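Over in TrEMBL, the protein carries these features:
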- A:21-43: transmembrane segment (TRANSMEM)
- A:70-274: domain 'ABC transmembrane type-1' (DOMAIN)
- A:76-96: transmembrane segment (TRANSMEM)
- A:103-124: transmembrane segment (TRANSMEM)
- A:157-178: transmembrane segment (TRANSMEM)
- A:215-235: transmembrane segment (TRANSMEM)
- A:255-276: transmembrane segment (TRANSMEM)
Amino acid sequence: MSGRPSRWLLGGRHYSEAASLALAAPFLILAFVTFILPLGSLLHESLFLPQPTLAHYERALTEPVYLRVMLRTLRIAASVTLLTLLLAWPLAWLMARSSGLRLAILVASVLLPLWTSVLVRTYAWMVLLQKNGVVNQLLIGAGITGEPLRLLYTEGAVVLAMSHVLLPFMVLPIFSALRGIPEDYNRAAQMLGASEWATFREVIFPLSLPGVTSGCLMVFLLALGFFVTPALIGGPQQMMIATLVSQQVREMLDWSFAGALVGVLLAFVLLIAVAFKRAVRLDRFVGSA
Amino acid sequence: MLQSAALSSRSVGIEIEGLVKRFGSVKAVDGVSLAVEPGEFLALLGPSGSGKTTILMAIAGFEYPDEGRIRVGGEDLTWVPPNRRNLGMVFQKYTLFPHMSVLENIAFPLKMRGLGRAEREERARAALATVRLDGYGERKPSQLSGGQQQRVAIARAIVYKPRVLLMDEPLSALDKNLREEMQIETKHLQREIGITVVFVTHDQTEALTMADRVAVLDQGRLQQIGSPHDLYETPRTAFVAGFIGETNFCKGRAQGAGVAGQRIGVTLDGGDVVEATAVEAVAQGAPVRIAIRPERLSLGDPATGLAACVEEAIYAGNATTLLLALPSGQSIRLRVPAGAALASPAVGERVGLSWRVEDARAFGDAA
């Protein structure tokens, strides 16, 4: 103890275990009380109340009504992932190639919606898509259709609105991956005889894959549990699993069955996360940062 | 040797005519014309901002010039896009594609040329052997050291037998020992396959070590092009004299008029009169700068030659450098090689300096 400076918190590059724990404690406590604990009690309820049973899970996985909801959830999440990927990649590419004011405007147009309430953005889509909404008025005005089309409460509308809400989660990781590709790779490829298309196909796109993978993972997992947008835009006809859980809890007061649905969703999310993590790791191994 | 024979190509020359490139109001390249002989190793040497890289980029096709033409093997390439020029290039930073193996990297240009898989692999392996990296083909670039990566980059740049090889400070990221090793290795490889090389560097030692001829550039203008020996012994501008090797500059005025190559008398700013060789025509009384290499100065009795006072002696093993003060107050350097019979004078001692007239080169001094 002779005059050795204290490095308990500041000054050291590596914190002691005690210091690390102290720094993480507020978050860990919060996560435990507000997330782990309720989730655990819900899952407990689905398995053990009133006595140990798998009946709730059996019901969730065999009754066609609920299976359809789950399949629709998967289909919508997959469509949203694909659509955001198609929209995000070119945008991320443009951002990676921009600087100064143009980059600032592009980043702002991606981030500003993220800072706007999901509810507000969802209502905006309702205004656009409803029977006498902007889109229908335009279509009728242009003579494309005689009477208003049914746009709201369709799966397409849900996919469109969710894609809009989730787009930033796809753009940002791809942008960061593309931003990390040195311009010299592009030049080297051209020097070696690659056309612009070949440079994209053989060099740029493969190097963007780590960003594409994490973007897809993020959007897909967020989409699986999405609540507000599908509930408002899809209505009861296009119910997704989160809406079904809410219905079971608030209308049926069937906490055990809601717990089983949450359990199924959670298992699926974990499965995908683990699978993708393998893929991401493999990708790191194949390529390198 | 079998592998390098497979890589050797009919070498072609490069002609650059009146090249001008402006960035905004700045002329990065200001009317440069030069010819690279087939099979020659030419270094473009200059400080940063001298235009050397811009010239290389214009040959590569990444910069289109504002004026002038570029011909390779007699074919005008000035406006041809880079991927259709069939030139090889090694970049300053390692530009191996990180998601491909070493062998895939080397085979990449062959793939772009539509060769079949079997031939691609065979030729890539041969190129890898040429840079002495057999057995590293399956690794990822990140698993190689900096020097190995740059050797792979060279293999990738020569595997498709490009007409010329462009190198943009390819060794600057390596540490000193490895750099010197790679300089010699690169030079050997170039001789073996007989390819024309244009090599950009800001390191004069590197340029003198590797190049057949060196083109010295400053502020977008070609200062001099010649063999390393010519540049060191007979620099044509004060810039070249100062940039290549170490040089003392003494200011003065010409006593009489003289044409290039003529002996002239020069009154130094301190009042002493010395003799020098005029590099260009000078008028009587015109301001001149005399350039003398430190190792070309001889020590003598203070009564003979230019009087100076020893201020400091720096011993460096193979030579001793003396810092001397002239009567004008100017400091100049003199180098005494180790093993020279004469003893080094002590600090504070007065000495006389002399030199062969052809070793003192007088440049006109506009400033």
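Note: Cβ is positioned from N, Cα and C throughout, glycine not excepted.
Note that TrEMBL annotation is computational and uncurated.
From a predicted model like this one, the values you see are computed outputs, not experimental measurements.
Only residues 6 or more beyond the boundaries of the transmembrane segment (A:157-178), in the same chain, are considered here, and those with a CB under 8 A from a CB of the stretch are 76, 79-81, 83-85, 87-89, 91-93, 95-96, 110-111, 113-114, 118, 121-122, 125, 129, 151, 204, 207-212, 214-216, 218-219, 222-223, 226, 229-230, 233-234, 238, 240. Comparison of A:76-96, A:103-124, A:215-235, A:255-276 by number of C-beta pairs under 8 angstroms to the transmembrane segment (A:21-43) places A:255-276 first. Long-range neighbours of the transmembrane segment (A:255-276) within the same chain, counting only residues 6 or more positions beyond its ends whose Cβ lies under 8 Å from a Cβ of the stretch, are 39, 42-47, 49, 56-57, 59-61, 66, 70, 213, 216-217, 220-221, 224-225, 241-242, 244-245, 248-249.
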